[in-house]
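Comments concern the structure below.
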């Protein structure tokens with residue numbers, strides 16, 4: 001699909017909620033969605049982005065390392081620095097990624113799938 005393109009997606013019951021249904025969706029329902037591609041961006045970042053963020057090469061990311069990476073990415077794309085936004089983004093990333101809650105994101109915890117990054 002291209003930006004601006006619309007498609008109709010039909011999901012049969014076996015791939016949707018099946019015999020159980022869900023909430024207001026009755027059992028054995030066929031789901032129909034009209035989707036439009038609003039924008040196309042680069043896909044999820046690779047292992048290289050983790051290494052780029054890991055400034056001290058300890059195979060774990062601190063909040064400061066992630067914040068510095070965000071600052072550089074904003075700058076690279078022509079956006080002004082925004083410490084409040086970066087702090088909020090870092091908090092959200094750590095809430096999702098720091099699964100053992102040790103204050104760092106290890107290479108194992110990092111999923112490489114972030115809209116923010």
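Placement of Cβ uses the backbone N, Cα and C atoms for every residue, glycine included.
As written in TrEMBL, here are the features:
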- 1-41: domain 'PPIase FKBP-type' (DOMAIN)
- 41-76: domain 'EF-hand' (DOMAIN)
- 85-117: domain 'EF-hand' (DOMAIN)
Mean per-residue pLDDT computed across the domain 'PPIase FKBP-type' (1-41)
92
Could you give the number of helix, strand and coil residues in the domain 'EF-hand' (85-117) as assigned by DSSP?
13 helix, 2 strand, 18 coil
With DSSP as the reference, give the number of residues of the domain 'PPIase FKBP-type' (1-41) in helix, strand and coil.
3 helix, 14 strand, 24 coil
